[in-house]
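Here's the structure we're looking at; comments come further down.
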Amino acid sequence: MCKDIKILAIESSCDETAAAVVVNGRKVLSNIISSQIDIHKKFGGVVPEIASRKHIENISLVVQDAIKEAGVELKDIDAVGVTYGPGLVGALLVGLQYAKGLAYSINKPLIGVNHIEGHISANFIQYPDLKPPFACLVVSGGHTFIVYMKDYGEFEVLGQTRDDAAGEAFDKIARAIGLGYPGGPKIQEMAKRGDESALQFPRAKFHDNSLDFSFSGVKSAVLNYLNTMKMQEKEINRADVAASFQKNVVDFLVDNTIKACKIKKIDRIAVAGGVASNSFLRETMVSRGRENGIDVLFPAPILCTDNAAMIGSAAYFEFKKGNIAPLDLNAIPNLKLGER
């Protein structure tokens, strides 16, 4: 029988300080998250300098809590996994430096993990029997990709945003209609009271049969609509704006993902990233998948937002391939999927 591999994972790419202990890439023994949402809310978004300082304050206790909750000791850990990009450089460095010091002190391998790959790997935790190949829609505040996962750690990008990420567009429109931060959950709640067909906003069209996305156009259209209504001193139905905007974005995401599956002849989609917790996206993707004979997989909401369990899962598969990082590994804020 093969020995179980326990990974201690650390995530600090944005405003969550997180640590987890994961066994064999699929079983979570602990998953501790210290969120900074309440701190950044008053600024309308994440302030990088503040995020870095809070990571410094929190990381040691978060890692200790993860080890304690897992019921293990440091000597039981086989490797230390850590996000080294993409993300906010200062925030990344806090987690990376801590992980390097810890790996050195306990004489265990260091595994560098791509944050986007981590999001995809959250599905291996939710679905322990899941194996590549499959398609994955990664949709979050900073990233929007359609990816074909050929094998563990092997990806082909089929489509990506050419400007704003979907989650970024959610945040900007939420701010514009006075809903505050974080925008995604607030748009979702407001949209439940609105009419999704009340307003027709444009959607980007590419002439090269591309699977790429663009959300700057719909964002600008919503902002122009709001400005026009204000200039004309007309009442704005925020719920209708939220519902119509959300439908526009979700339909774009779903249409391109289904199209990608048909092109690649794939019958299984995994969805990942913070926006994957959006209930309207979940319902629409599952419904469209069923219509097209495609199985649709979503992680639990706690695994959609930034967490270290997903990093532990991705780190396990890197560990199995022998991809050990040097102790001079540096943060790469613009790290691309598939890069090492």
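The backbone N, Cα and C atoms fix where each Cβ goes, and this holds for glycine too.
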**OP:** Look at the substrate binding annotation in Swiss-Prot, where Val138, Val139, Ser140, Gly141, Gly142, Asp171, Asn278 are given, and name the residue from Gly159, Gly184, Gly293 listed for that site too.
**Re:** Gly184
Subject >> Recorded Fe cation site member, picked from Asp295, Asp306, that accompanies His115, His119 in Swiss-Prot >> reply: Asp306
Original post:
So which one is it: of the binding-site residues Gly141, Gly142, Gly184, which has the fewest other Cβ atoms within 10 Å?
Top reply: Gly142
Subject >> Spatial neighbours of Val139 (substrate binding site) that are distant in sequence (at least 6 apart) but have CB under 8 A >> reply: Phe145, Ala165, Ala166, Gly167, Leu253, Val271, Ala272, Gly273, Gly274, Val275, Ala276, Leu281
Original post:
Out of His115, His119, which of the binding-site residues is least crowded by other Cβ atoms within 10 Å?
Top reply: His115
Original post:
Near the Cβ of Val138 (substrate binding site), how many other Cβ atoms are there if near means within 10 Å?
Top reply: 27
Original post:
If you count the C-beta atoms lying within 10 Å of each candidate's C-beta, which of the binding-site residues Ser140, Asn278 ends up with the smallest number?
Top reply: Ser140
